[in-house]
Number of protein chains: 2
Amino acid sequence: MSENQDLQKSFLETVKFDDKGLVPAIVQDFETGKVLMMAWMNRQSLEMTLEKKKACYWSRSRQKLWLKGESSGNMQNVHDILIDCDGDTLLLKVSQTGGACHMGYQSCFYRKTKDDLSMEICDTLMFNPEDVYGKQS
Amino acid sequence: MSENQDLQKSFLETVKFDDKGLVPAIVQDFETGKVLMMAWMNRQSLEMTLEKKKACYWSRSRQKLWLKGESSGNMQNVHDILIDCDGDTLLLKVSQTGGACHMGYQSCFYRKTKDDLSMEICDTLMFNPEDVYGKQS
């Protein structure tokens, strides 16, 4: 048995962070199974998530801890955290307040590829981003 | 509107590969919504996936194209490909033959964190890995 599959190890020992100290976290609605987003965690944001049961990420663009919903109010209550066979990807099952996407959709995956490789909207708008984040100049 | 949200652009123009030329692809069962795995694609594997409608990835460990199921027979027929708001993560909706995980489980996310931060198995074993991949020495 590879060390990554050892059930005797604790969860935190099993997580493999990449060369930037990050691990991707897929976020799925606890009830509907809809995939809402993917974000990145460093060890500190993962520990905060475990402690508070609210999803907390590492913002790669802003280079800071990011408690999901701190600006928008659209928090994610974390029910379960799963880890994959290689230990290098997490799956969070959450209850999402409002929409997950900063574009106002329920899911960040709101565009689907069509046969001609154009895209179409395939999700529901939950809020107007300007109402939540203010007008972008 | 940011260039990443432009619906006039084609899907392939919208995908943002990272500094290694890769984009993460979340894989979800088309019917049940179960998240099966996450893998990485380069442009060539994405184009093969679009062409064949069978999931094809870039194996980071083996540094080669990886048609999912080429060893195990556990192919993934691709129904839909979604892209997130930033254009840097894909979501594949697939019909999975057998199990997705090389450990024999239906999903690579077969372990769940418990309150004491130990882990427990939370998925169904679909096959014996030794029967499919041979005995690992």
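Glycine is no exception: its Cβ is also placed from the backbone N, Cα and C atoms.
The Mg(2+) binding site feature in Swiss-Prot is assigned to B:Asp84, B:Asp86, B:Asp88; the stated evidence is sequence analysis. Mapped onto three states, the DSSP output places B:Asp86 (Mg(2+) binding site) in coil. Here the Cβ of B:Asp86 (Mg(2+) binding site) has 18 other Cβ atoms within 10 Å, regardless of which shown protein chain they belong to.
The Zn(2+) binding site annotation in Swiss-Prot covers B:Cys85, B:Cys101, B:Cys108, and the record cites sequence analysis as its basis. Around the Cβ of B:Cys85 (Zn(2+) binding site), the number of neighbouring Cβ atoms within 10 Å comes to 21.
Candidate binding-site residues B:Asp88, B:Cys101, B:Cys108 yield B:Cys101, B:Cys108 as lying near chain A, with Cβ-Cβ distance under 8 angstroms. Summary for the binding-site residues B:Asp84, B:Asp88: the Cβ-based neighbour count within 10 Å is maximal at B:Asp84.
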